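Peer 1: Residues or ranges marked as transmembrane segment in TrEMBL: 57-78, 98-121, 128-147, 153-173, 185-204, 216-238, 307-327, 347-368, 375-399, 405-427, 448-469, 475-494. Positions annotated as domain 'Major facilitator superfamily (MFS) profile' by TrEMBL: 60-498.
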Amino acid sequence: MADRPFKTGVTHVDAVETAEKLGTTVDEVVATRITEEDVMKQSATDLIFRSRAGLRLCGIMFVMGCNQAGYGIDWAVISGINSFDRWHTYYSFDNAGVIIGTINALMTVGTFVGAPFLALGDTFGRRGVNFLGNFLVIIAALLQGLAPNLPCFFIGRLVLGFGTALCTAPQYMAEIAPVHLRGRLVGIFGACFQLGSIVMNAAMMGFTKWDSDWQWRLPLILEALFPFIVCSTIYFLCPESPRYLVMKGKQAEARSVIAKYMTTHNDINAPIVGLIMTQIEESLEESNTGVRAAWDYRVFFTKEVRYRTIVLAIYSVFQQWNGGGIIGNYLAPALDTIGITTPLDQLGINLGLTSVYFVFTAFGSYLIDIFRRRTLIFAGLISIIIFQTAVTITSWQYTETSSRATAILTVLWIFGFQVCSASFIATMHNLYPVEILSLPLRAKGMGLYAMFQGAAGVVNTYAISLGIQQLGYKIWAVYIGYNLVQLVASYFIFPETSKLSLEEIDTIFETKSTDPVKLSLKISKAKQERARADRDETQA
């Protein structure tokens, strides 16, 4: 069977024209069409996870999980070695201030510089870019771990950030996952970040007893472990994304991948195969943007794509500035403000926080397919604001009384912050940005998202480092104010994307004469009513 070029000639329904003929609204036409197709229900019907297809998906999860765990290791290493006096002595700097701020920021700067190259995923494939990113992380780990001086260490941080930008894999996971498992698989993938952190945090507690510079050098070198596993296995266990294959005109190969990983018996004639192929082709055909050169980011500032860009920018800032950075990169100086100063105590708390985050991120991967995306975002922000307020109050009390009880309460509130952030929001960070981008925009869009994150992250990293020095515990109040603003912005700007295929989500943004938020909520309501009617019919 010969592969067809990108332009498929697929016929599709014009929602505006249909609405005019029927004398109804465009929103009603779109909501009815998507509800009747019910791709999620068909996906669940055609795939039983306890099958060879399920085992193949587990193979993908192993590779991509290692990909994410590798990123998590750096999070643990940089946070952990900040408690090691030998590291500070070797390079002659304190655990807060300009130097540590630069070390953390350079990772983010590297991510910002590397992010545009994610667009090469449309040229060399999702796997090719991922392989390159992990390979660069291996080099960066060696540069950092063996660095004889700060300039060499700085270069390692830059290369690490650049490589990490390329080895990000939420896009691949969302494109390869069966529709009814997308939230769950992407959620488990995200939890593997904490798995890498847990392993390294536990190891670093043991390294505290090592009276040698290898105490901090070895953890940095071990950052190469998971990337090495990814580079060794990605081309054996992970297929290319079917959406990328369709975009390259390789329809036959795309059908084969969908059948192999989204149907129980590798059935190329299963209904879900044709349904997904049709949706992908229609989405490409209807796209207002078309497939452009990898370097061409101007499309994100056109009228047709501007709303997606706004959502992407606001969400990226939301991810960086919600206060989690204090716990991630600056836990040691934050704990110093409440009298917890010994390296073993700080590392123990860090390990506990990371373990809790891992458990509840895994829990959140189940919630993501039960509750609406918007509901989880609202719940996450409200709970984060509550716990940050509690942290501020008890930290203030500690400065007044130096009471051990207030210090313990502060740590308890920080654990509560982790529980709510992991349960409600963590899965969203790897899923929502991918969902709001159409196929022609996705590779470049994830690059743009990483650039937004990088820019916000650099500001956030320096702000926390200097803020802890200048404000102490009062820095939490800054994040309370920001999260209140974010809560209001989320209500009016973020559309609902749950229980929809990636191509159905495109309809929300590309249907003319509609408001994306209102249309998404109408579709969500129509799906709920359809599900309720089906249950009533079954029980009758």
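Heads up, residue numbers simply count up from 1 along the chain you see.
Quick reminder: no glycine exception, Cβ is built from N, Cα and C everywhere.
Note: TrEMBL annotation is automatic and uncurated.
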Peer 1: Hey, which of 57-78, 153-173, 185-204, 347-368, 375-399 has the most Cβ-Cβ pairs under 8 Å against the transmembrane segment (405-427)?
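Peer 2: Stretch with maximum Cβ contacts: 375-399.
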Peer 1: Go through the chain and flag residues at least 6 beyond the ends of the transmembrane segment (98-121) whose CB is under 8 A from any CB in it; none is fine as an answer.
Peer 2: 74, 78, 82, 91, 128-129, 133, 150, 153-154, 157-166, 168, 171, 244, 294-295, 297, 329, 442-444, 446-451, 453-455, 457-458, 461-462, 464-466
Peer 1: What mean pLDDT score does the domain 'Major facilitator superfamily (MFS) profile' (60-498) have in the model?
Peer 2: 86
